[in-house]
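Peer 1: The following feature annotations were taken from TrEMBL:
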type: DOMAIN; residues: 3-132; note: domain 'Photolyase/cryptochrome alpha/beta'
type: BINDING; residues: Tyr229, 241-245, Trp281, 284-291, 381-383; note: FAD binding site
type: SITE; residues: Trp315; note: site 'Electron transfer via tryptophanyl radical'
type: SITE; residues: Trp368; note: site 'Electron transfer via tryptophanyl radical'
type: SITE; residues: Trp391; note: site 'Electron transfer via tryptophanyl radical'
Amino acid sequence: MTNLVIFWHRRDLRVSDNIGLSNAYKYSSKLIGLFCLDTQILNRDDMASARVAYLLGCLKELQESYQKLGSQLLIIQGNPAQIIPKLAETLQAKAVFWNEDVEPYSKIRDRQVIDALKEKGIQSQTYWDQLLHAPGDILTKSSQEPYKVYTPFWKNLITENKASIAHSLNQLQPLTAAEINLVKEIGIINLPTAKDLGYCWDSPLIFSPGEKAAKEQLSFFCDQAIYEYQEQRNLPASEGTSKLSAALKFGAIGIREVWQATVNAMKNSRSDEARENIQTWQKELAWREFYQHCLYFFPELAEGPYRPEFKEFPWDNNEEDFQAWCEGKTGYPIVDAAMRQLNETGWMHNRCRMIVASFLTKDLIINWQWGEKYFMQKLIDGDLSANNGGWQWSASSGMDPKPLRIFNPATQAQKFDPEGEYIRQWLPELSSLDNEYLVTGKISPLDCQSCAYPQPIVDHQKQQREFKERYKQIKS
Ligand code: FAD
């Protein structure tokens, strides 16, 4: 057996601030990276083309990073539990290192990989990297149980010490010519295109993939927008949020590095107002953390509503209404603009995610799981924990203590897109109409006809009364 170690990248597509990778390097500088295109994940029916394209972009850059360090990132495709132990055995690797994940599928798969490696006498070493605090590190003070409510979780998280940025890597020892020949024999592939994998994303990605782009985006956001985040984050027409969600989903940037940027920004702030803005952004990072901890401890969240009474909810589940929602043809301009943004770019502003999710569940009375899946099929940042958390929050089926939230699309548009800028951007057919009609959605049948825009498919007031009635029934 050589002193070779393999680092298996999954949601940590970077070489800096990577705890598992840094530990693998401490163990041995004879180190290669590995990424397995897991066929079980790629063949799922909720994989988004934009997400696959972003992933492949990250991998391309990661291959270059390994090359610069003198080593290689190998790409394989198949079932990790079979192919990784086989590769490790062929190369006579001493150990395989990786960072853990919270998703139920990953937990089972990783157990299988550990067992298969063990059978071959190869060590596996795992770490927590994608979170500021590993699951189990933030528990209720009274009973040491996982939190089910965000605010006390946040209050606890903010007081806990955060790990520092992980050590970087220096020069790595390359594989020998004989080892390179061996890996060629066991199914190492060139990095495929999205098309090779059966996905199609032709337009430029909304976010540039990779570590370099993520660092630049963080630095750009922390230069200015972070200090105005509290107000600007709610305006979908403004560039008020960080746009780091895909980078955080795939680990193109480390969460410690992101947190450290907020700490630095705090230090540079001269006013309480500036510090409040930064803290508001930290709270969003904590939502990400909260939903991941919840999924880790309550994996059943992935299967359906957390609150049992919701299992019996009498949804309408009208297929035509669902289609209209997906295509952005509901006749509610703010909803339609948001869905068109999602369909065209693979990303949607957070305020709009809340509006369209409320509309699907409370106005169209369609099961939130339909929306959850559609989001996963489209989002560049689609992430089981955040997406499920967002949908259960919007549907009122989750852990959140405040049970019933119904967003009025017109009020939301009046408040957060008062000039109709966002609506005009995504619904150009309405651009000639006055703001008032755009934001209230009160477009005359004649204008609808001349703009080739649908009339509202449901009546908001009537539907919200109906939803409340059904909600009362399931509660009793
Ligand atoms: P910023 O406002 O700059 O926030 C910084 C980071 O904090 C984000 O990049 C993200 O990692 C995290 N974050 C912010 N808000 C949330 C939140 N509510 N929950 C969890 N993490 C958060 N986010 C995803 O990353 N993937 C999803 O699949 C996803 N699906 C969602 C579905 C619904 C119905 C809702 C209401 C929200 C969803 N979100 C999801 C959360 C949020 O909308 C996005 O994280 C955010 O819009 C990303 O833009 P940003 O990076 O500019 O965010």
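Backbone N, Cα and C atoms are what each Cβ position is placed from, and that goes for glycine too.
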Peer 1: Which ones in the same chain are close to Trp281 (FAD binding site), with CB under 8 Å and 6+ residues apart in sequence?
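Peer 2: Once residues fewer than 6 apart are set aside, Trp281 (FAD binding site) is near Ile226, Tyr229, Arg233, Ser242, Thr262.
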Peer 1: Starting from the Cβ of Tyr229 (FAD binding site), draw a 10 Å sphere and report how many other Cβ atoms land inside it.
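Peer 2: Counting Cβ neighbours of Tyr229 (FAD binding site) within 10 Å gives 22.
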Peer 1: Report the same-chain neighbours of Trp391 (site 'Electron transfer via tryptophanyl radical'): residues 6+ apart in sequence with Cβ closer than 8 Å to its Cβ, ordered by sequence.
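Peer 2: Trp391 (site 'Electron transfer via tryptophanyl radical') has long-range Cβ partners Ala357, Trp368, Gln369, Gly371, Glu372, Phe375.
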Peer 1: Any of the recorded positions Lys243, Ala286, Trp315, Trp368, Asp381, Trp391 with a C-beta atom under 6 A from ligand 1? Give them in order, or none.
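Peer 2: Within range of ligand 1: Lys243, Asp381, Trp391.
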Peer 1: Averaged over the domain 'Photolyase/cryptochrome alpha/beta' (3-132), what pLDDT does the prediction give?
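Peer 2: Mean pLDDT, the domain 'Photolyase/cryptochrome alpha/beta' (3-132): 97.
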Peer 1: For Lys243 (FAD binding site) and Trp315 (site 'Electron transfer via tryptophanyl radical'), what Cα-Cα distance in Å is obtained after rounding to a whole number?
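Peer 2: Lys243 (FAD binding site) and Trp315 (site 'Electron transfer via tryptophanyl radical') have their Cα atoms 34 Å apart.
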Peer 1: Measuring Cα to Cα, how many Å separate Glu289 (FAD binding site) from Trp315 (site 'Electron transfer via tryptophanyl radical')?
Peer 2: 31
Peer 1: Does Trp315 (site 'Electron transfer via tryptophanyl radical') have same-chain partners at least 6 apart in sequence with Cβ under 8 Å from its own Cβ, and which are they?
Peer 2: Ile365, Ile366, Asn367
Peer 1: Report the member of Lys243, Ala286, Trp368, Asp381 (the recorded positions) whose C-beta atom has the most other C-beta atoms within 10 angstroms.
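Peer 2: Top count of Cβ atoms within 10 Å goes to Trp368.
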